[in-house]
Structure formats: C-alpha cells, structure tokens
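> First the structure, which I've put down as structure tokens, then a few questions once you've had a look.
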Amino acid sequence: MTSPQLGDEITDLIIIGGGPAGMFAAFYCGMRQASVTLIESMPQLGGQLAALYPEKYIYDVAGFPKVTAQELVDNLLEQLKMFEPNVRLEEKVVSVVKEDERHFIVKTDQGEYHSKAVIITAGVGAFEPRRLEIPGAERFEKANLHYFVNDLNAFKGKKVLINGGGDSAVDWALMLEPIAEQVTLIHRRDKFRAHEHSVENLMNSKVNVVTPTEITELHGDNTITKVTLTHVKTKETQEIEVDDVIINFGFISSLGPIAEWGIDIDGNSIIVDSRMETNIPGLFAAGDITTYPGKLKLIAVGFGEAPTAVNNAKVYIDPEARLSPGHSSNMKL
C-alpha cells in the first residue's frame, strides 16, 4: 500500500477510520476506480477487532462458520492490497471542512488532505474501557489487571478471574476455560446480558460462575495475588487466589471532534439516509458510527453499508457515473 506525502493533491475519496467497514470501503473504491486515502488513528488497521479482541471468534459474518477477529482483519487487509490505496496510520483527524462543491479539506494532527467526497467509518468513535473503580486498582494495570486480551496463551495454566456480564465476559470465559487452570466469572447481577446460546454454553462448562457478586478489594504488592469478592445482597465476603484479573465492563465512547463538524448526530451516532449520506452533501458515513430507523450495529451490516456509501459517493463526484458497477464476478482483477 502506498503512503505519499501530504499535499494539495485532490483524491476522489478520504475514508476516516480503518476498521472493517473502512477497510472494505477502501477496497470498494478500487472496484469503482476511485482514488482513496484511508486515515486511521491506531498503529494498525482493524479497529476494535484488532485492538480489543483479536483472538475472539466471530460467528455472524456471512460465509464464515466462525472466524477470529484477527483472521477477518487479515483477510480484509489482503483484499485491500489488491488496489494499493494510500493508508495513513497513527494519524488523528481533527476537522473536516467542505470548502466547495466536491472539495473537502480534512485536517489531521500531521497536516491536511483534499478530496472530492468523504466517508466516515470511525466505528464507535473514541473509546476507552470502563475501569474497575477500586482505590489503587490502576497500579496493577501494567501487571495482571487487564481490560484487553490480546493473547490467550498468556493465561495458560493460570487462575483467571473475569468480571462482567456481557458478551465479552462470557466469551472470554468460554475461550479461556480449556487453556487456563481455573476460570471464575463473576457478575453483580443474577442474569447475564450475553447471547442466550453463549450463556447456555457457559452454564454447561467448567467455568466457576459466581453471582450476584462484585470485586471489593485487590490484594498484592506488584501483582494481584488475591481478590475479595462481596455478595451484592448478603454482603458476605470471600477471598480467592488469582494469577490474572480481566475486567469486561464495556467501553465509554464519544464522537470526539466529529461532533464539531456540523454533522447531524443522534447520541454518539451520525444520522444518515438510505444513501449513507449525512446532512452535508458529499459527506457519507458507514458502519457502527451511523444510525437510521432499524439500524443494527453489526459487522455484517457495515459490510453492506460500505459499498452503498462508496457507490453513492461515486455518483456525487461524477453525476454521470452509474450507481451500480455490476457484478464483481464479471470483473478481471
């Protein structure tokens, strides 16, 4: 993939955000013979899939009975390389200004770019994990208190405590069960919010499930060695020995500077129409960052929205262009 210098050259499209929807949109620009610059603030492409759960399995992408997040990212990257787009990593977009019809100026922390149209595929926007609110917990974050799991094998043969009640907590518990010596999953409520099938698998597993319970104290000098658990209702306490603690309380997300770009938003989402276009002509969005009636925030949905945005952007750039490029099976790539 090429990485030319900043300048006044106008590309057809700038895509902001290098997650699954952004990567597929950049690939699809090549299908439409549109020049593109893909800007991503992280050191690598893949968005949350690569940054937060690269080893987790994904089951709801068409054509894949199951695929790890990293495998999906790798496949998207291989697909993307077919057209060698301009990819800029570790670069944060600070503003998008429509200078004129078919002329946008995108400013980053490293300079500025010019394009005829823009597609925002920034996922959930800026995000950070909800942290364990216990005095002194932060001192263990560089040791064995985790908010992200990048390598399952790092927990091999260990006693792992997972705290959370959603899909991530249940999924990690099930994935670590055959690897760790012991997995304990606690949740402050009696019922889990995860998918019913996952909860059923959890209850049939060897994972030690303790509810309704929460962590009230961490013990240890440089690393956590024991954890005090308190029953939410009875207030009874117990101590368990641990090698690692994983916190899955979800993430706090915000649109960050996107909220200041004059785009109509609803909460932390960008409002788009059926063309994936915002209230600003020529400025499109796709993926989890968008909202419209009936919207579902799924990777599979983003894969449909990305080409919708690209094809309509192509028509915005060139009103004489066809909206549909035809079937890819008829192309020679």
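Placement of Cβ uses the backbone N, Cα and C atoms for every residue, glycine included.
Marked as domain 'FAD/NAD(P)-binding' by TrEMBL: 12-306. Annotation comment: TrEMBL describes GLU40, GLN48, TYR53, VAL93, PHE127, ASP288, SER329 as FAD binding site.
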> For the binding-site residues TYR53, PHE127, which Cβ has the most other Cβ atoms within 10 Å, all shown protein chains included?
TYR53
> When a 10 Å sphere is centred on the Cβ of ASP288 (FAD binding site), how many other Cβ atoms does it contain?
28
> Say we define neighbours as other CB atoms within 10 Å of the CB. Which of the binding-site residues GLU40, GLN48, VAL93 has the fewest?
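Among the binding-site residues GLU40, GLN48, VAL93, the sparsest Cβ neighbourhood within 10 Å belongs to GLN48.
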